[in-house]
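Accompanying notes for the structure given below.
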Amino acid sequence: MTADTWFPDWKRPWIPQLQADLLAGLSVAAMAVPQCVCFAGMAGLPASYGLYGVIVPSLGYALCGSSPYLAVGPVALVSLLLHDRLEPLVPGSAANINPSHPADEEAQLRFNTAAIQVALVMGAMLVLLRIAGASIWTHLLSKPIVDSFLTAGALVIAASQLKYLVGVEIPRGSQLQAVVAHMWQKRPDMRWQELLMGCCWLAILLGQRVLTTIHRGWIWTRPFGSLLVAGLSIAVVWLGHLHEPSGTIRVVGPIQPGLPPWTAPAWFPLQIPVLDLLLTAASMTAVSLLEALSVARALADSLSSRPKPACELLGLGLANMAGAAFGAYPATGSFARSAVAHYAGARSRLTGVITALSMVVVLLVATRPFELMPLNALAAIVIAGVIPLVDFGSLLPLLKGHAG
């Protein structure tokens, strides 16, 4: 592996390029902390697993991946899919409403172990696809397929977060209209405090996005929108004592501090049947690869930054296999965080290394504040993050055709 492989866009003088990667890595980490805490909850895992899922997978992808922008780690769609597949297979896990403070600790441990095993098998599948030369088939992914995938995923993710904004429990479902209808039926039970606070955070995030779109000179502030909302929401909860047992706002709860644990011994015995494990890993492999390639292609602005499918298969495979040895669940490229790396001017995969090191610092010294982060703020961050994935230009004609 040569320096040109690792730093394809670096030119002399190299110090400004290093500064760009440093800024990009820190910016991605700033967005990743609140996002990945939320994604872990969506996956049915303790909040710390979201942070674990950035560190080793980012390093693994940096070794063999091809995109300087792709930010690897937990993402909303994969997290949601993982929870939906594993919950019926792990008895007792449905009772753990808050995985960071589970009602059934034994069931939660089995669920955590099963998620790690899925990551291991998914990584192995990606590597086997690379060895088999299957990367050539990725060129058949057309733009309409990619756009439809991203739009459908964004709508499902947004629907899954509505319950945190309105403060009522909504059954899981893949049909957006069913979720909205159930929420309408539950409107008398809505917690206005949750709804008001969540709408405020969403307004801040969307307002910042509009502002940075109008004033392109402020685009560098976009990565810090999530961190701003996280900081404000934590301050409001702490100052108002809203997190106490008698409070009105639900918060993340305990986050295990410290470095990711060594979880390779948890690879065996299997926590779910072999066939279910293979089917779950296969579906995660397809979704993860499609999302990563979609993101990397969308952000590529030069020949050197264009994703190479063979490298992506190997990079993502290594990221997940290595991550499974250190408490990570299935990871892929994040659209929102990759866009931040692009906007911040990332020039090489050193950005991922800097992001990983930043997350290590967070786990060692800064987990306590995020324990007070309200769930409605996490929901607002996720919803604001997936809105750019919805291609309204292609969605409206499809809806008209379906209605006709």
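Glycine is no exception: its Cβ is also placed from the backbone N, Cα and C atoms.
Here is what TrEMBL records for this protein:
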- 18-398: domain 'SLC26A/SulP transporter' (DOMAIN)
- 22-47: transmembrane segment (TRANSMEM)
- 59-82: transmembrane segment (TRANSMEM)
- 114-133: transmembrane segment (TRANSMEM)
- 195-212: transmembrane segment (TRANSMEM)
- 224-241: transmembrane segment (TRANSMEM)
- 277-299: transmembrane segment (TRANSMEM)
- 311-329: transmembrane segment (TRANSMEM)
- 349-366: transmembrane segment (TRANSMEM)
- 378-399: transmembrane segment (TRANSMEM)
Problem - Cβ contacts under 8 Å made by the transmembrane segment (22-47) with residues that lie 6+ beyond its boundaries - result: 53-54, 71, 73-76, 78-80, 82-83, 86-87, 93, 96, 98-100, 108, 111-112, 115, 160, 223-224, 226-227, 229-230, 252-256, 329, 334, 336-337, 340-341, 343-346, 350-355, 357-359, 362, 370-371, 373, 375, 377-379, 381-382, 385
Fill in the blank from the handout: Note: vs the transmembrane segment (277-299), the recorded stretch with the largest number of Cβ pairs under 8 Å from 114-133, 195-212, 224-241, 349-366 is 114-133
Exercise for the section: Using a Cβ cut-off of under 8 Å, list the residues of the same chain at least 6 residues beyond the transmembrane segment (114-133) that approach it. Expected result: 43-45, 49, 82, 86, 89-90, 263, 266-267, 270-272, 277-278, 280-282, 284-285, 288-289, 310, 313-314, 316-324, 327-331
Problem - Maximum Cβ pairs under 8 Å to the transmembrane segment (59-82) - stretch from the list 195-212, 224-241, 311-329 - result: 311-329
Exercise for the section: Could you please provide the mean pLDDT value for the domain 'SLC26A/SulP transporter' (18-398)? Expected result: 85
Handout entry: Same-chain residue ranges lying at least 6 outside the transmembrane segment (311-329) that approach it to Cβ under 8 Å
Key = 40, 43, 45, 48-49, 52-53, 55-61, 63-67, 72, 74, 79, 82, 115-120, 122-127, 129-130, 134-135, 138, 260-264, 267, 288-289, 292-293, 296
